[in-house]
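Engineer: My questions all concern the structure below.
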Amino acid sequence: MAEQISLVDVSSSVSLRGEDSSNVALLRDVFLPDVAASDPAESSVDVQDEHSSDDSDNENEVFPKQNDFSQRRRIQNAQFEALLSKCTDADSNEAFDRAPIALSDGELSIAHLVKKQDLGNGMLDPREYQIELFERAKTQNTIAVLDTGSGKTLIAVLLLRHTILNELDDRANGKTHRVSFFLVDSVTLAYQQAAVLRNNIDQNVAHFFGAMGTDLWDKRTWDKHLQRNMVIVCTAEILNQCLLNSYVRMDQINLLIFDEAHHAKKDHPYARIIRDSYFKAQPSQRPRVFGMTASPIDTKGDITEAATRLETFLDSRIATTSKITLLREVVSRPIEKVWAYNRLEPPFATELYKLMDTRYGNIKVLEGVYRFAWNASSELGKWCSDRAWWHALADDVLPKLEGNINKLIESNTMKAEHGAVFKDIIRIREASETVKNYFFTDPELPGELSPKVQRLRMELSKHFNDTTGTKCIVFTQKRYTAKILNELFTVLNIPNLRPGVLIGVRPGDIGGMNITFRQQFLALVKFRTGEINCLFATSVAEEGLDIPDCNLVIRFDLYRTLIQYVQSRGRARHCTSTYAIMVEKDNAEHEGRLKEIREAENIMRRFCEILPEDRILHGNDHDLDSFLQEEEGRRTFTVKSTGAKLTYHSAIAILARYASSLQYEKETVPQVTYVVTIASNAYVCEVILPEKSPIRGLTGSPAMRKAVAKRSAAFDTCLLLRKNRLLDGYFNSIYHRRLPAMRNAKLAITCKRTNAYDMLLKPSIWAKQRTTPTETFYGIHMSLLPSKPLSRDHRPILLLTREKLPEFPAFSIYLDEDVETKVLSYPLKHGLQISVDKLQSLTVFTLRIFRDIFHKVYEHEVQKMPYWLAPAEAIDGRGSGKNPRDCIDWDTVSFVHNNDEITFTRNLNPESLVNRFIFDNWDGRFRYFTVAVADTLQPSDPPPPSVPRRRYMNNIMNYTLSLSKNSRARFLSSCDWNQPVLQAELVRLRRNLLDKMTTQEKEMQTECFICAEPLRISALPPSIVSTCLAFPAIISRLDSYLIALEACDELELVIRPDFALEAFTKDSDNTEEHRGQQIHFQRGMGKNYERLEFLGDCFLKMATSIALFSQNPNDDEFDYHVNRMCLICNKNLFNTAIKKQIYRYIRSRGFSRHIWYPDGLTLLHGKDHSTKLLSEGKHALGEKTIADVCEALIGASLLSGGPEHRFDMATKAVSALVDSPSHRVSCWKEYITLYTLPKYQTEKHRGSEDDLARHVEEELGYHFTYPRLLASAITHPSLPSTWGYRVPCYQRLEFLGDSLLDMVCVEDLFRRFPDRDPQWLSEHKMAMVSNKFLGALSVKLGFHRRIMAFSNPLQAQITHYVEEIETAQAESQGAVDYWVVAKDPPKCLPDMVEAYLGAIFVDSKFDFQVIEAFFERQIKPFFEDMSIYDTFANKHPTTFLHNKLTNEYGCTNYCLKAGELPTIDGAPATVLAAVIVHGNVISEARSSSSRYAKITASEKALAVLDGLLPSEFCQKYRCDCKETKNSSSVVEIGTAI
């Protein structure tokens, strides 16, 4: 595959529905070209023009050959491709083996945490009873009933090994591949059991669970997993859906293992797999079944009936060991104790409860808290009851409570008033403050704890005081109880006791109950290592989790079922462990439950003992028909072509998946709505599909149960979708949830790839001049203003044209010994009527200039003259309104017209020859200004040795003469040998006065001694000649201005000539490499495009951001970024430039001796340069150069202003150069016309939003017309959309504000530092817009207090960051750069600043002045002195790495590459970055974005290189770059910018 640098393959998987045609075309151009074309290595070969010499003094000079980097780049690309491919092929299970053991537990993934615990290592040592059950399981479907800790999993491992061996034999015999499925009931068990199997089976073991996005996988993905793996560990619902969708068939499974098999009942996925798929397959196609449980029942009731029913459910037979004594040797039962506590008081209202009930008792969202606190007063005591309020009303819980208030009010049948919502929200906040300010007493005071908790405290104190080796688990029924007990025992500070909490994962929790699978694992790891030795846990710790041996298990809340008793008792695995049960004294219910459970255990034991010897039940078979009869009346539908099956249960999941697929360009996931109503004493459910669905839903059939009505309606809806072909044969949606196709794509184009393009040599205006009737002439008065006195007078001249020329800016030329001289040009306001005679005279005067000064004789053709030159009177700028006729020195014109030359005669006064311009009629190299008469020399004297060397040096007459041999002899025989010798200054052949002299030009001798007779004395005044010697440079620059303006006219842009030319000027082959040594630098071209390109790039980003934001209010930030990337990418700009032939106008060559002459005249005498024009008319340009010029044009348009708004012309330029329907804007004010106010913005704002806007206005000075915009700017994505202010999160506004902030910062730097290059500007802009600074600014502005978020970790991060940044500020002694030393802030803080900017911009109707006002007031004070941030960018890891490799080690053969790793659809993107040095991958890193992956890879590379001496570096990486270093070496590495 070709190099995929930050590129994702979208050729087959991306849905382009709804894309505009230009974006689709761009997608094809970028992603679907020939493979070779997509490889930068193949595309980077330099294209050079063999005739592109720019040194006009040496027409045969050849360019120095450029180094060919394609081979090196090709190797680097291949190495990175191999690395990318390797990482792609390594699936999640192989990645499991690469645990970064050096990291702390807090940094490890769940998989690595499990692996680090080394679960199951060395466990394969089966006991006799295990072998006995294994042998049974080999021959028949079996449910193994063994105590917790007795090694049921080992039996499964033995069975898996046996099955795999048979499978390998079957495959060798050509049979169909089959795999084994190990089904578990929780995500944590999926990790744990997969780890155990991997340590004991030498085949590929995969583990899957729903959060991995498995519901979005298609059949091809599952086929790949089935092909790759021998065993798949997964949660049961995954396999159930796969079987129903026919991704996996029952005949593809050789073994089904059910962990904790007692769950197989009712509608559990275990039962549905058996009922809907297993029993529907032919018996010969069914796999072996093996179930594992500590007790076959988990409910009350008839034990035997429940056990036999389980056997029927799983088509298996219960078996247990006959060697009970052997089992007891392995599993030692703990000592059971009963801890009785005094009777509890009835629930009562504590002081805090009374206070809360009096003030806030009618707030419905607090009902659950009231209920728990009421019961806790009895169960746990006053202190614990009160602390429940502290948890329930913590700061991080408030946003969710406020959201729940909205839900409750809006669920009422009456229309909710905003005031009611606001009132309850205010009261919730008041309640939180009340709890915060409440004084909590010491829990050790009498009466604060219940008798139950006091007994627990007493027993724990005794156990932990007696020994430091105690490890304890305390089981509670409620999660709140576990949480508060953990807090209590932390406060009590019992010696040696280190409490922790382990509760289940449950989405949608409030009150600080949120916990993740990762946090569960961390708690278990800490318990294993002893960091925690007293774990307060709910039922999550009872079942299956491999909790390390502990010697004390306490049932704080009494168990309710036999399985709870067996499972929790099984946690006490130490040989001297204690299992304590807490019961209330004189509580008949507790005593009855103890007795009931003991009897149930005895019944269960007897049940197992009466099993026949062969462990097969006889006479107790449960009727299979009665088992399946439950499903009668519940319809099913099977797609014959695929075998996919639709059931009542699967219909709900299928509709959810279908709704998710409709997420096209929205932030929130579309959901199916079920509305259940009662009609005719039955339940009826209406299914409402998301609005993007072509089918909007239906109303189902009546049913007697609400759940059945819902499933029935979902089933019918699926049938309707299938009928309309909206679901395929596997019940997958025909739509695909669209992740933007261009995510992480590299839409840039290589600046190394060049092609030959046409280049305009002359502006078209000169050709038009020849066809324009000669009636009125327009003049431009041109004069020279030197920075210091020149050696010779330079008289103004007038340039006359048939068409009026624009006003040209002043520019510099270099006269004499590099005296900088401004060329001033003033267009005359009035046209000039010239008679035929006068025009003839002007034509003669102009042609005389070309003949005498430049050795070109043109035919006298008035109609072909593009322009005329005339001597002019001196005027200032105010004199441009003077009558043009009065500006021309007609006397001089007439004199030149009447005198072809000043004739030399023998009686001519020698002094009359001084201060004349004399030229050699036969050799254009010799032009002279006479200085004085050399009285001491005669024509026959040899020339002084200081004169420039010529062929004939025997005497001055011969020295002066240019004739050939025969003509020379005739002349010498007749000339006057007594004429005066003149001291003269030889005019240098230098034409490029736009630049200073070269060293060679400076060294040229100009003092000469000549005779006048061999030469011709020009009738042109020397002052005019002096000025006209600069005319080639002047007219070349004017031509460039005119060509640039011609391009602007083509684009319908009005741009100042100096900015226009700057935008089109490329003065070297690598102009874009701002600080690299310039290759083939073109002298005298003035400013190049790089600064304007930097400015234009920033405006382009802002303009397209505004356009996309305005036209697509429902897009999310992700789509905004992608669509903007499509608009502003170099590829798009390049394509537009090619279409509009912008390349023709680019000035890539400096002054040329060949093309400045007037075009169209007939040359009679002199060297014909027309043969050179063909080669001069082509230039080699890189694709990136052409794209950069487009951005520079936008920058030039910005500086040129506009008719109404200063952004008008730049806005128009963006439309012209982006050339997309997404940006059809001709002026700034049109943006607001594109914007349709979204509903949330115009909704009536609530009191809370008004209050927010008022406070922010007081602090920041901006008054919001739409306060809900501000509410959106502070709403974090973690806050559910129905909570808080019920506005979109800040991501859209942040996208807009980011570009606005960039623009205002760049404009400020561009204006303040006119001489700084783009690299410097970029590095210092980085400081101004960095997350580091914006995070500190966010705290300064108080945004951290206003964020609406729902995330415990985020709140903690913000708190810690605020503490650190405020400390840094306090210790900075007033320094404005205090923020530089702080750690990186949580990203939400800088995001809120940018979102605020977006909000005020939208609220002000797109008034950029509000952004500038914010910048001047809040940001600029930090950056008045930019020198203090000179090293900021250099601290960026990527920049630092680049500098270290280049400057310290002198290495150029390295690169930093990034590419996206393929993921399943719907999963977060993962980008791999790697640093490659001389073919060695020295570091790699992964992240969700290319930027952060490169940063991390750079940091790792710096760590590798730390302390390495240059000599050691060269030896280690075989670096010889210093020996072969070339000035044009180019390194491919990301920068800090």
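Using the three backbone atoms N, Cα and C, a Cβ is placed for every residue, glycine included.
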Engineer: Please pick, from Glu1294, Glu1307, Glu1484, Glu1499, the residue that Swiss-Prot records in the Mg(2+) site together with Asp1391, Glu1394.
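Structural biologist: Among the candidates, Swiss-Prot records only Glu1294 at this Mg(2+) site.
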Engineer: Have the domain 'Helicase ATP-binding' (133-314) and the domain 'RNase III 1' (1043-1202) got at least three CB pairs under 8 Å, pairs 6 or more apart in sequence?
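Structural biologist: Contact criterion not met.
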Engineer: Measure from the Cβ of His1478 (Zn(2+) binding site) and count the other Cβ atoms within 10 Å, all protein chains considered.
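Structural biologist: Around the Cβ of His1478 (Zn(2+) binding site), 19 other Cβ atoms lie within 10 Å.
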Engineer: Taking only the recorded positions Glu1294, Lys1387, Asp1391, Glu1394, which one has a CA atom nearest to the CA atom of Cys1521 (Zn(2+) binding site)?
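Structural biologist: Nearest in space to Cys1521 (Zn(2+) binding site), counting only the recorded positions, is Lys1387.
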Engineer: Within the domain 'DRBM' (1439-1507) only, compute the mean pLDDT.
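Structural biologist: Averaging the confidence scores along the domain 'DRBM' (1439-1507) gives 82.
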Engineer: For each of Glu1294, Asp1391, Glu1394, count the other CB atoms within 10 A of its CB; which of these binding-site residues has the top count?
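Structural biologist: The residue with the most neighbouring Cβ atoms within 10 Å is Asp1391.
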Engineer: For Glu1294 (Mg(2+) binding site) and Lys1387 (site 'Important for activity'), determine the Cα separation and express it in whole Å.
Structural biologist: 11
Engineer: Using a 10 Å radius around its CB, how many other CB atoms surround Cys1451 (Zn(2+) binding site)?
Structural biologist: 23
Engineer: Which of the three DSSP states, helix, strand or coil, fits His1478 (Zn(2+) binding site)?
Structural biologist: coil
Engineer: Validating a neighbour-count step here. Other CB atoms within 10 A of the CB of Cys1519 (Zn(2+) binding site): how many?
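Structural biologist: Counting Cβ neighbours of Cys1519 (Zn(2+) binding site) within 10 Å gives 20.
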Engineer: For Lys1387 (site 'Important for activity'), what residues in its own chain, 6 or more apart in sequence, show a Cβ-Cβ distance under 8 Å?
Structural biologist: Asn1331
Engineer: Take the domain 'PAZ' (891-1019) and count its residues per DSSP category (helix H/G/I, strand E/B, coil), listing them in that order.
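Structural biologist: DSSP classes over the domain 'PAZ' (891-1019) add up to 32 helix, 25 strand, 72 coil.
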Engineer: Helix, strand, coil residue numbers for the motif 'DEAH box' (259-262) per DSSP?
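Structural biologist: Summed by class, the stretch gives 2 helix, 1 strand, 1 coil.
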Engineer: Can you tell me how far the Cα of His1478 (Zn(2+) binding site) sits from the Cα of Asp1391 (Mg(2+) binding site), in Å?
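Structural biologist: Per the Cα atoms, His1478 (Zn(2+) binding site) and Asp1391 (Mg(2+) binding site) stand 39 Å apart.
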Engineer: Would you mind reading off the Cα separation of Cys1519 (Zn(2+) binding site) from Asp1391 (Mg(2+) binding site), to the nearest angstrom?
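Structural biologist: Asp1391 (Mg(2+) binding site) has its Cα 43 Å from the Cα of Cys1519 (Zn(2+) binding site).
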